[in-house]
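Reviewing the structure listed below.
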Amino acid sequence: MSVEQWRESLERTMKSIGRGWRVQMVTDGREDGWVHINGLVLAHYRIAKIHPTEPSDEVRDIMSQNTRLYPNADDSSSSPTGTKSGNSYDEEVMAGSDNPTDFDLSYAVKASSEKLPVAEATLLYADTSPSDLKTPSGADPDEIPQAFTMNEKFNSGSRRSSMTAEGEDWDNVHGITGRLVRFAHDHYYLTFLIFLVFVIVTSAVIFIAPTDPRCAQSGPQFTVCKQSNHDWEVSYSMVSRYKDAVNQTKALSQPSEDAALTLLYYWKDAVVKQNVNIFTPTTVKDMCEIQRLFVSHPFYPKLCQRSNGNCVQPYSVVQQFYKAGGDCTLLTDSEVQQKAKDLLNPANPLLGFFVSSEAGSKGFTNTTRALLSLGAPLPGFKDAAEDKDVQQNIYQSVFFEDFTCPVPKWLKDTKFLNPDFCNGRKDGEVIKGLESQLFEKFNMEGFPKSGQYKGAFRSPYLGASPHEEISSSEVMEVRWYSNIIQTMEFARVVNGDLNFAILSISVVYLYIAYHTKSFFLASMFMFQIIISLPVGYFVYYNIGQIHFYSQVNILAIYLALGIGADSVFVLYDCWQQSETDPSIKTTLGRLNYSHNRTMIACFNTTSSTVMSFVATAITPVMPIECFAIFASLVLIMNYIFMVTVAPAIIMIYYVHFEDLGGFCCYCSRSCTGRCGPKEPGVTTHLSKLREKDALYRCSCYAKVESDTVENGNPSEAFNERELRAAERFFSDHFSKLIIGFDLQPGKYKPLAYFFLAAITGYSIYMATQAFQLTPPKAQEEWFPPNHMFNKELMSRLAHNWKAGANSDYMEIVVVFGVETVDRSNFSAFYPAYNRGGVVFDKEFDFSSKDSQKFFLRVCKEIETLKCGKGGCGSNMLRQGQSPYCVFQDMLKFYNNETKSNVEYFPSKKEMIDTYTKMAQANSDKNNPDKYLEYSMGIEQGTNGLEIKWAMIPFMSSILSPLPNAEAHDIYSVLEKWIEGLRKDAPAGMKTVFQTDTQVAALGWTWMKVEDALVYNLLQGFAMCFPVVFVILIFATGNVIISFYSIVTIAFIVVGVLGSAKGYAGWSLGVAESIAGVIVIGFSVDYTVHLGHMYKEARSCHTKEEKIRYALTYMGTTVVGGGMTTLLAGLMLYLCTLTFFTKMASLLVWTILYSTFYSLFFFTSLCAVAGPVGSFGSIEVCTDFVKRKLRGRGS
């Protein structure tokens, strides 16, 4: 029989076995890496054994159990025939009985796996014994299918890398993934071209197609949406519905809280100037000039608060010194002192807003402030609540920002009446906004100083200290704050922080180039990672129909860099390791092997990370939900590209660049010795690929390559690859820290026990710190200390004033007659639109005597209601003034009109008539009472005019903003009181509730947001850990390894959260809540990589060898993935927004804990108590189930 016939027959035999059989060899000899068996012919249950002249005790023990195969096993002097001296081996094919029951194969497998080192045990068997399977004379050992041999993987001190995919015929490409690999192998240019066309088309759509007008007025689909006050609001909560119901009842022109500007003045050195009055002729003149920037804006008359058709004067200290509309002339000292004396007069409490809390006792104030407001609603809008965000955009675009003529289309399309801002102005003319005028006055510059991207890299507010020099020794500090200006600054800072994402990309790119030793691979893979963002956004926007995109979504780029680079390292390392795998004979086999291992390993990491985002997406906080969905899609797209496009990139690299010295000098023959082909030359497979590649043949560096090949002989096989320095470190040094330096199974491992004890103890301590995390006790800080809008400014604005501004406290309203707000046409992804209509209580009746009496009772109870909690400015819940009880004023008005003295209205008609007359009289006043208009609602009903609702508004002593814990305490006090009112209320007054009237980012609505963040974190943990555990079981195929992995992940999570509390002193805010669930996804990656490789080490029969195997072939990947994510996270420290700098710390901690715990804790667990053989394997369970099912079927 010819050699070719013998090979075909042997291959048919092996195919009949099936891919699931174990293929091993029993030997206790070693010979420089390879043990070849020439022409093994195996009958059913026959064993081939190779052993030295004197069998070891382990081999003798197996032989003694099978005396029919080794009849002289007990005789130490005997040995099989064919004994040779020296380092050679005795070889004999042991012929057993034809009866397959004569030899217990399962016992031999068990014995060999328990007693022999991995490199000394291999069992070969076949399922059939064809008589013609005999070794032909002169058969070359290399002709034997490589799946029949096993490389010794860990020769002590070896510098050669050899990784055997035992039992797998990688050259035999089949299945769906196999066809994908073959297509990438045969048509790598076409594969990459299809990918390129796809990403260009999808990217073009999102960068060219117009955006949703509910997101932004203009721009492409890929646009950061305009912020609104409702973005972070839990809009489906009753707290949100109640607040919307109240907001929809206000219609009177009143100051706009959003479009207000607060100015603050104080002496620079407050300690030195604490006994000096802030009011001097020069300071008052400067205050007047600063205020004139506001009131002299060309568009101020169109936007101001009006009364009787005229603009209402600003609530400013300047008005106490200068007449309305007067010039800012320098007053005399006596004039100023007299006016200042009036401000400090205790008989005038309204003026207490302008002076410090100690002004009365000391007779002077060293600080003052002013509140300048535009009017609301704008002309054309029904009230301040109607299209509130559209109105805010008008304020911002027209007044606070620079405005360029002509009037933009989006402004013309709004309900705003007569937006003729550019009448008499030329197109292109720029009207400077208020912020630009303030910057110019105080010489505040950012970087760049001007242009479209003014302040993009450095905000003008960073390090700013605007002031007026009064004299050489006196400097008056000036500060300002506005909700709209803060929104503008927030967007400016976030867009500036985006620039550091480019820096992160550059750093990760360089590390990938360093790891792969190829700028080509780094460029292609970085493009693949980055392009996953716009493609993911295409799916997010056009298929998912989610059009909200906020600054939080920017974090996805850092996640993509970390996970994407990790996948690149897995693929590249597998490609390199496949080079010397003896079971792989072709380039297609190498690609198949690399693709298969990468597909499985990256699926494990990607799926676990995506599941953490899925858990995060189940949150009522919309921006976090959108971020989680977008991040999931980006990671999914990156994985799809990794398993479809990356093989083609590898092939292009292999054909063009792998055996060349990177981008050295392809077109210069002079440097071939320095950066030409590697020794000993290209393989036959590579030569054939290059012969078929037209692009390669016409490349300038093809001649350099061909010269080298002609001078040598192309190799028939792949070269053995030197272990890289990092792999040698993990194999020869690091692994010994874990498994012991003697490398003997079962030996004492002191360092492993130390790592386990130390990390467990530390994790327990960090868990105690993590459990102390609570929602913030103070309002979230978004800007750093050197920013003008810092914590100090917020404190100065809110505290230590003789009389607080309304914005310093929460206004509370008690509402009757309103059930809820109908959200049926509302979408949470467009929170500023279609917020629903008020649903009134059909049973509401305010005209009955019992209802009127109950309403008066509530008014009186508010007078005496106590707070007794830390968030209140006094023991009483209300502030000094009484609540506005519209019913009392109506009765007084009615009694004066009718000359009577009734305690209740005799009928509904008299009540409605009285309210109508009062409203008319109020509108005729120069300064109308704002409360009257929204204290009662009268609308046309089926039976004429009806009272639809009534409210009791009052200014509470609850300070704003309010920490979460104190908010809950006070909210509980109010809700307990309201619950008592519901029980006592007469029929028709049962629908009563309380709410605040602040913006959504404050008050009870923000309290609900913080509660949702905490709940989302706990819910994320409850979902992520079980799902990740299931993924780990399928990834590792072993319950024990999965359990060790989930314990490691839990320790990583408590480590990160514990660090946030113990080291940084943070609370459970927005950044911490997002990171808490994200950390689960990141912490899984490195642990699952090592667990997966532990499983893949099938030929390793001891836990020590399995750990060494996993560390050698996955340690560099773990470190590489950790380094890229770490470097990307470090770039976040350069950002301005504290949210990003917090995320930087959380990402850095996550990577450090994940890398350290996976390399030291997880491996130590496996080294001490890792499963061996089938212990803990899910295959045992599945086999048992299959047998049971087959038994039932029979």
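Cβ coordinates come from backbone N, Cα and C, glycine included.
Source: prediction; values computed, not measured.
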Which range of 69-96, 573-600 is region 'Disordered', per TrEMBL: 69-96
Segment-segment contact (the transmembrane segment (626-655); the transmembrane segment (188-209)) at 3 or more Cβ pairs under 8 Å: yes
Feature contact check the transmembrane segment (552-572) with the transmembrane segment (498-514), CB under 8 Å, 3 or more pairs: yes
Seg_contact(the transmembrane segment (1013-1034), the transmembrane segment (1066-1088)) with at least 3 CB pairs under 8 angstroms, min sep 6: yes
Structural state census, the domain 'SSD' (519-652) (DSSP three-state): 116 helix, 0 strand, 18 coil
When counting Cβ pairs under 8 Å to the transmembrane segment (1146-1168), the leader among 552-572, 1041-1060, 1066-1088: 1041-1060
Contact between the transmembrane segment (1109-1134) and the transmembrane segment (188-209) (3 or more Cβ pairs under 8 Å, separation 6+): no
Close approaches to the transmembrane segment (552-572) from elsewhere in its chain (Cβ under 8 angstroms; 6 or more beyond its ends): 494, 497-498, 501, 504-505, 508, 511-512, 515-516, 521, 525, 528-530, 532-533, 536, 594-595, 597-598, 601-602, 605-606, 609, 623-624, 626-627, 630-631, 634-635, 638-639, 642, 646, 650, 1074, 1078, 1082, 1085, 1089, 1116-1117, 1120-1121, 1124-1125, 1128-1129, 1132, 1139, 1143, 1147, 1151
